[in-house]
Structure formats: structure tokens, C-alpha cells
Amino acid sequence: MILKSNLIFTLYTIYGILLKGISGQYPLVTNVTVTEGATANLTCRVEYNDNTSLQWSNPAQQTLFFGDKKALRDNRIELVRASWSELTISISDVSLSDEGMYTCSLFTMPVRTAKAYLTVLGVPEKPEIDGLTKPAIEGDHITLTCITQGSKPAADLRWFRNEKEVKGAKEVNASGKTFTVRSSLQLHVGRNDDGVAYTCRVDHVALTQAPQQATEVLEVHYAPQVEIIHSRAVPQEGQYLKLECVSKGNPSPDPVMWTKDGGELPDLDRMIVEGRELTFTSLNKTDNGTYRCEATNHLGTSSAEYVLYVYDVPTTPPPSTTPPLHPIPPDSTALLGTHASDPTVTGNRDPNAVGQHGTDHALIGGVVAVVVFVTLCLIIVLGRYLARHKGTYLTNEAKGADDAPDADTAIINAEGNHAHAEEKKEYFI
């Protein structure tokens, strides 16, 4: 029984060795992918070999190496390692024509082979951007076209506007083993495109370090746009004032032209023009008017206006907002009548309090002036009335003289009337 078990164990061991030998006699290879111009290493291994030779052949079934012996005269092909279990060769400066199926052969009876596919990636050329017009005019419609050739597989093209991706229209054409890729970008050019960088970037598996790309910066010409900036909100007499004409346009509209009320500047001693700035060294009332700034380039003209009104210098100084260093305590008698209206009592200073009291005083003064004027008018009328009727009475002599032909008769008539003197009365007004 023991002998039978030992025999079975021995048979299984021999069978396993035979199977291992048979399976280990098959060559093992792997597919290889390289970039055009790089170096490809092809390796063939066996787990068990009884000193049988290994051989590498190219897609045209030409022997490259038989063991450590070089069979094909190609300086790009070299031996890397040769032993009973491995044969490794290298192909430098790989081209697209090197792509294909390579065969490793183990010369047993029968010959056993394994195949490895060499893939060569075509590196896309640096892209070029066509269709750019320099300079472009605002409102134009232009088409930017990006082209790259020699990619394998076909490359992917992407557009960026100042690092922000925008979508283009892609087109792929085959050219032998490689591809030519185009991408178009439609633009309606505006002034906001002036100075914008448009970049076409190539993405491809062969570009391991950095993508290929091309960049074009747009130059857009557009008509000027003008704005006037002033240095003071409320200009007053004697002050300094600067007006700046801010003009945006391409080409730059230099110089700009300043006018006042449709004519030339009247006082160039006080009105100084430097570049785009108009400076008043000392304002006065004669400076009032409409000032116009005009900018022009070959695409058009633009202007802006500023109406200047010079205010009087205020005669009443504004109230101080800082409390006195040594405040005087308020009078208790004064507080009795002004507690509700005087801001100094409540502790809240009102900057407009002086102006408000000034308005009340002006109103009261106006009323008083009207009353005085009416009184004077009444006095004048009364005086004229009294002057007109002063001394309008009749004496006895005057009464006799009314009908007398001469002075003597008038006296006699007056003396004759003494009898009625008691009936005559004199009235004084």
C-alpha cells in the first residue's frame, strides 16, 4: 500500500515538471507605446528554457536579433540584454513607419511565438492662428482659425479668451497616418476686445510636459468716448479748479480741444491747458459758462460739456464743530426761556442753527421795513394835506374886498360889517 502511494506521488511530480517545462517554453511579451522620436524597448522573456535561442522580427518579418547576434543593419536598433530567459532590444528615434506588430520566436520543436504591437504617437505641430486682421475695427465680424498637423491620434484644439475657455468649431482631416485638425472661432469685435489675448491650445497624449499653444492679441480701433471730471463740487471765487477731459479711444485722441460757450478760452493767463487738463488758477464770476471738451480720431469725434457757476465766498463763517477748551456754564436765567430751542443747552450742536436764525431775522426785518414804509407814506400824505389847508380863513377886510372896486371901498365895506362881527367866526384848520 505504501509502495503504491509513493508511485502515485512520483508520477504526479514528473507530470508537474513536464507541464511546467511545456508552459515555461512559451515566450512572454507586452505591447509598447512611444512618442515619435523617442526610444522603444522590446522585451521577450521565458520562464523555462533549455538553451533554446530567442529571436525578434519586425512587422516586415525581417529578423532584427537572433540571440545576441544582430541580423539587420539598422544603427537605430541595439541589443540591450540577451540571456537564456530574456531578449531585449531597443529602437531609437522611432518614426511612424516603425509602428506595427513585432514577433518574438522561441526555436523549440515546434517554434513558439508571441506578438507585441508597437504604437507610435504622432506629436502635433505647434498650432498657428490665421484670419486675424490688425487692427480690427469695432463692429467687424472676423473668424480666427487654428491649425495643427502631424498628430496621431487626432489632437484636440481648445480656445481661450484671457484664460477663459470659449467654444470653437472643430474639423479633422486624415493625412496618411497622421491628422490635420482645424478649429474656427467666430468673433463680433467690440471695444472690449481691444488688448484681449485669444489662445489656441493643443491637447494630445503625446504632449506629456506642456501643451502646444499659440496666442494672438487683438487690436481694435474705435471712436473716442469723452467724460469731464472736475476737482471741486462747489467752486467759489478765488479757488483753484481743474477740469480733466478723460477720453477713451483707439488710436488715442490726442490732443483734446477746450472751448467756452462755443468759442476760444478768453483768459489764457488764468486758464491753463496742459494735455487733457484745463486749470483755473483763481476763479471769478467771469468764468461762468459752458466748457466743452472735444476729442477726435480717424473713426469719429466725441465731446462732453461742463457748466461752470462760480459761487460767492460765504461771509458768515460756519459754526465750529469742536467744543471750546474751557466751556462757559450757561446762564440759569437764559435757560428758562431757551431750553427747548437752544441746541447749546441740550448739548447737541446743530450746524444749521445759525442759518435758521438768520432766516428768521431776515423775515422779521422785512416785516419791519414794510411797516416803516407804510408809516412814512401816511405821514407824507397827512403833511401835504395840512400844508394845503393852512390859513384858509376870511378876515373882515377880506370879506369887504370881495365886491369892492378899490381898496378904500373895501375898507369902508369892512367897517360896515362890524355890526355883524358877532355873527362872523374865524376857522383855523
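Positions of Cβ are set from backbone N, Cα and C atoms, glycine also.
Database features (TrEMBL):
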DOMAIN    27-119  domain 'Ig-like'
DOMAIN    127-219  domain 'Ig-like'
DOMAIN    224-309  domain 'Ig-like'
TRANSMEM  362-382  transmembrane segment
Segment confidence, the domain 'Ig-like' (27-119), expressed as mean pLDDT: 93
Same-chain residues at least 6 beyond the ends of the transmembrane segment (362-382) whose Cβ lies under 8 Å from its Cβ atoms: none
DSSP-derived helix, strand and coil totals, residue by residue, for the domain 'Ig-like' (127-219): 3 helix, 57 strand, 33 coil
For the domain 'Ig-like' (224-309), residues assigned helix / strand / coil by DSSP: 3 helix, 49 strand, 34 coil
